[in-house]
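Asker: Taken from TrEMBL, the feature region 'Disordered' applies to 1-21. Residues or ranges marked as compositional bias 'Low complexity' in TrEMBL: 11-21. Sequence annotations record features per position, and here TrEMBL assigns domain 'Cation-transporting P-type ATPase N-terminal' to 31-105. Residues or ranges marked as transmembrane segment in TrEMBL: 85-103, 109-128, 273-292, 304-324, 715-739, 745-765, 793-814, 820-836, 857-879, 891-916.
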Amino acid sequence: MLRGYETTMSAPPTDRPPATADLPAVDGLANPWSTPVEAVARALDVDPARGLTGDEAERRLAAHGPNEVAQEEGTSLWRLVVNQFLSPIVGVLVAAGLAALLAGEIVEAVAVLIAVLINAVIGFVTEYRALQSVESLRELGRTTAVVTRDGTPTEIAAADLVPGDIVQLEEGDVVPADLRLVEGANLQVDEAPLTGESAPQAKAVEPVEPDTPLAERGSMVFKGTRVTVGSASGVVVATGADTQIGEVASLVEQADDGNETPLERQLDKLGRALIVAVIGVGVVVAGVGIAVGQDVQEMIETAIALAVAAVPEGLPVVATLALARGVVRMSRRNALVKRLSSVETLGSAAVVFTDKTGTLTEGRMTVTMLQTGPSAVELASIGEDDEQARAALAVAALCGNATLGEEDPADDVGDPMETALQRAAITAGVGGREDLLEVAPEQREVAFDRDTKMMATYHRVAEAGGPGLPAGSTLVAVKGAPGAVVASATRGWDDEPLTDADRDDWLQRQRTLAGQGLRVLALARRVVDAGDDAASIEPYEDLQLLGMVGLLDPPREATAQAVADCHRAGVEVVMVTGDQPATAAAIARQVGLLDPDGEGEDEVIRGADLEPAEEWDDARRDQLANTRVFARLDPRQKLDLIALAQSRGHVVGMTGDGVNDAPALKSADIGIAMGDKGTQVARDSADIVLQDDAFESIVAAIREGRTIFENIRRFVVYLLSGNLGEILAVTLAAVGGFALPLLPLQILFINLVSDVFPAAALGLVKGDDHVLDRDPRDPEEAILDRARWTETIAWSVLVAAATLGTFALALGPFGMEEDAAVTVSFLAFVVARLVHTFNMRAPDEPLLRNPIVRSPVVWAALGVSAGLTALGVFVPPLANVLGVVVPDATMWALIAAGGGSVLVIGQIATTIRGWLARR
């Protein structure tokens, strides 16, 4: 950091090259914005007319380092691969595979390890695609700069800028470093990415007070902002990590992004529970078997087989598939999910903090109000006979120099307020600036001046005239601050002199509009004879006041409904913006965050009124937790509010697009950045990137996240009930000294083939239509709570009973050989598991018209599982491996009865549960 250029932020990274002793000292440059230009130039030892020499620039570059803000390193391919093997559930699978290998069961070991690899491949491919899509957005912000060196303008890479460089800025340029303005003409800069201010800020060379807030430092322009109007030159006072954007980036590095999502924590807990269960099954079976006199070696082998059976080999694969499917569905909504589990996290969010500009709003100024008298005028209703409104809009369109894009507003060039004025004139049928210039060519321009607070353009109107234009005259079109224009006006539309009472009425209208959060401009004109010399006409004398326009960056069309959907889902939406309190309150009322019938900004807490977090008492914490709009916040205050919500046990989401949002995006449980107008720092810090910047995509993500969690619960119950059923059936037979109804390879076949496809289909079920009618789940709520463990055990008992029952009938009354009886019990178990898929409906869902029955994916999965099972039975080599024979008619009857009983009993039980719940 330049010595003396003090900030309240953290120091630059320590690996930056130290400044050499012979570089210019700037100890007196504590606040460049309040220091005269001459003093800044002396402190930086530079002549603004000639700039630095090439040699001096090289020395300073070596000392200060490149003008680059450190970006978060992307996840390496190696780390992406390793991440797929870190969950406890995958660890259980690997251990089971190794145990099978040590026991000499090569086929089982290979099959289990293949399941692990399939899970890893699915997870890797899905996350890699998302990261590649985000990487493709990185080009934004890689800029060049025009500097004066050795007295000559030279274009260099922005990374090579050094303190003391003299930089030239033109309309449309991205500011390449923090600059103290040296010269400027009608300069306006869009600082929304840094401060959240929605309107461009006027800049000037004159110093401001030392304690001026960042958003009001008119003598400075900052790295990463964009020039919208005018041109200027400035001297570089900070580069790289020492810039304002660099200081925010350092907050990003300090921000705690957490390690695990709620879903990852719950899957880890489930994995650890399975580890205990696997060990417990092995020990209990071996111990009981040996105690009742079974062969020790045989019982140890049986224990290992049951331990492998206890592991739901398909669980990681199915969980990854469910999340990957959610990622794909979100990508179709233009949302890039960088981390698989992030798509579920938003489903448990209880609070979503959101930036305003470009997130809740469209990110562009729009004329929402035209006032030509006591009442407002609707733009679309202006007719040819409304001469005053047309005259006002003609002045609004002519007085400026912005250019409209041919089709897309994103292609507009110039002051966003000027383009908004032109579009309003077009909407009213008056026409844009280019249209009006054809009948009223411009002769002269008087640029906006911070002293007069007005701008004027001179036009020679053709004899034929035009919309709102007096024929055959010289027209002076004036726009500016209402106070200045009203003070300069002498006449109203009726040509009657303006009285002090008239002026008071107009200024009261201005205050009313400003209180609604609108940016207000006054419009006036002066009409003189066409023969008068434009240069001799004073622009701001004898003005005719035409009216006022109110401009606002309006809410997106779908934002209000999206906020309502969040409220319906029990999710609180909180606006945190760097914009003005009145503007924040106006938008909040329009989108449903504040009472639409309220007035003023009393419900908005300003950053200046927000104490450091360590000073909050319980009453203040409660007040802040119940506040829905915060304005003029700095990045650190956003972090404090997120920490407050998290301390209350809430899962917190944060949306934003600016550099000022990046630390909060990283600290939140789920960060959501805007991909279209968002900055790269914001995208790097987020978990989800919305390519279309649409807030309503957040509601889709909440719906998707909740559906995914419910589906995960569904297929976990499905898989574990099958595994426990296998264990019960085999354990009871082994302990009782009977033949095993299921052989080890049959169990592996069921786990990896028969069960996986229906389970995967359950993970992809669309979900019910009322998922947003529930409150967010507790992030500590287990995937399997007590009720679902009870349900899982009950289902496993039912499946085991059906399997053992058919096995006993085959061996006993039907007198079948052991291989035939094993075939019957194996296929009865498979059929039971397939039809058990339909038992996974919720108790409050109808018997037939529920998401599972109506899902074509479920039916396809059942067909695949049935087909693969048929191959295992009817293809001799596979049948030999599985130890089965081709069933006859009697065997098929037993199989159908045993397996089908699970569906019948299950549907009766589920229907009764639903009936009891409704009582």
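Including glycine, each Cβ sits where the backbone N, Cα and C put it.
Can you tell me where each of these features sits in this structure?
Answerer: Within its own chain, the transmembrane segment (793-814) is flanked in space by residues 717, 720-729, 732-733, 739, 741-742, 820-822, 824-825, 828-829, 832-833, 836, 839, 890-891, 894-895, 897-899, 901-902, 905-906, 909, which lie at least six positions past its ends and keep a Cβ under 8 Å from the stretch.
Residues 718, 721-722, 725-726, 729, 739-743, 746, 750, 754-755, 758, 795, 799, 802-804, 806-807, 810-811, 862, 865-866, 869, 873, 882-885, 887, 891, 894-896, 898-903, 906 of the same chain, all 6+ positions outside the transmembrane segment (820-836), place their C-beta atoms under 8 angstroms from a C-beta of that stretch.
Sequence-distant contacts of the transmembrane segment (891-916) (same chain, at least 6 residues past either end, Cβ-Cβ under 8 Å): 794-795, 798-799, 802-803, 805-806, 809-810, 814, 816, 820, 823-825, 827-832, 834-836, 838-839, 841-845, 847.
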Asker: Within the domain 'Cation-transporting P-type ATPase N-terminal' (31-105), count helix residues (DSSP H, G, I), strand residues (E, B) and coil residues, in that order.
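Answerer: Grouping H, G, I as helix and E, B as strand yields 43 helix, 1 strand, 31 coil.
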Asker: With a Cβ cut-off under 8 Å, give me the same-chain residues at least six positions beyond the ends of the transmembrane segment (715-739) that come close to it.
Answerer: 270, 281, 284-285, 288-289, 292, 294, 299, 302, 305-306, 309-312, 314-315, 318-319, 322, 747, 750-751, 755, 758-760, 762-763, 783-784, 788, 791-793, 795-800, 803-804, 807, 811, 818, 821-822, 825, 829, 832-833, 836-837, 840
